[in-house]
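Here is the structure we will look at, set down as structure tokens.
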Amino acid sequence: MYVLGIETSCDETGVAIYHSEQGLCSHLLYSQVDMHSEYGGVVPELASRDHIRKLVPLIKQCLQESRLTSNDINGVAYTAGPGLMGALLVGAATARSLAWTWQVPALAVHHMEGHLLAPMLEENPPEFPFVALLISGGHTLLVRVEGIGHYQLLGESLDDAAGEAFDKTAKMLGLGYPGGPKLSALAEQGIAKTKFPRPMTDRPGLEFSFSGLKTFTLNAVNASEKTDQDKADVAAAFQQAVAETLSIKCKRALQQTGLKRLVIAGGVSANKQIRACLTEMVAKENAQLYFPRLQFCTDNGAMIAYAGCQRLMAGQQQGLEIHARPRWPISELSGC
Ligand code: KG4
Ligand code: ZN
């Protein structure tokens, strides 16, 4: 079964074709980063317009690279939310129209479910059940995963998402957009001389809060002489605080659930220090850590094609309506 996957929830146009037995056939990604960087962040209207320009050519190219035609496609999966409404509508309307024309099912996929299942595209995928830490630009979620669609929310951020905290802190340090990778590169030049707070780790629970850490970081920058080295040191201290906070909460989640498998996914899971910190923690817990390859940490079409294929094989599909939900709690999903 071949499933075409379409991702347009934010600033990346992702397209992929996944086969239920052969795996990933091809995947393409167009990033709008250059266009938005001029404005210091994503401009929703520009994002939607660019998805319109890029999506259909990418779909054609993806079919060509897989040596397939539209007749081979058994389903069209698209990100139906959460995300930017206009951007979502481009992918949803295109996917729904193609599915109707090709007379195949359309599958509305939850973006965070896509991230959560991205490690399944790797050679040594995790078995269910596992704990998943989903860290992206818009979400920070700890989820107990029993199977596809069976997600129990264990904890989430009460304010900024981890990626948002990286992006806003990067802006404070005068780094461009997207801030996460830039802050991470700067942190490598610095030394975490001061210990920044590890928010909400001094009390029980699996919730996160990154807003106070961001303010603490701003105060630290202002109190310094703002040399390049000062900024690098602040970046290092901030990154270490985020990595250790995530690690403490994941350790708690593993202990609380009794599970021995931890999956990390979403854009921030590309961060080297976070990976290293979690790798060290799981080793001490006699647990296993799973994460997607770097290019599948951030937004991509492959994870949407994969998630859509699993749901299609389970007999799920949507009607003729176009689904787009800017806000969509992952716990509302039903199982396969
Ligand atoms: O999953 P994603 O591509 O999009 C959303 O679903 O939001 O995540 C994007 C987020 C951005 O906040 C970006 O700054 C962050 O992931 N990010 C990173 C790194 N690479 C991307 N944050 C820290 N370190 C990185 N290496
Ligand atoms: Zn994402």
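Numbering starts at 1 and runs along the chain as it is shown here.
Even glycines carry a Cβ here, placed using N, Cα and C.
Remember, it's a predicted structure, so these values are computed and weren't measured experimentally.
Substrate binds L134, I135, S136, G137, G138, D167, N271 as TrEMBL records it, and from the list G114, G155, G180, G258 the residue named for this site is G180. Most Cβ neighbours within 10 Å, among the binding-site residues G137, G138, G180: G180 holds that distinction in the structure as shown.
The most densely surrounded of the binding-site residues H111, H115 is H115 (count of other Cβ atoms within 10 A of its Cβ). Across the residues of the domain 'Gcp-like' (24-306), the predicted structure has a mean pLDDT of 97. Residue pair D167 (substrate binding site) / D299 (Fe cation binding site) shows a Cα separation of 16 Å. Taking the Cβ of L134 (substrate binding site) as centre and 10 Å as the limit, one finds 27 other Cβ atoms among all the protein chains shown. With a 10 A radius on its CB, N271 (substrate binding site) counts 26 other CB atoms from all the protein chains.
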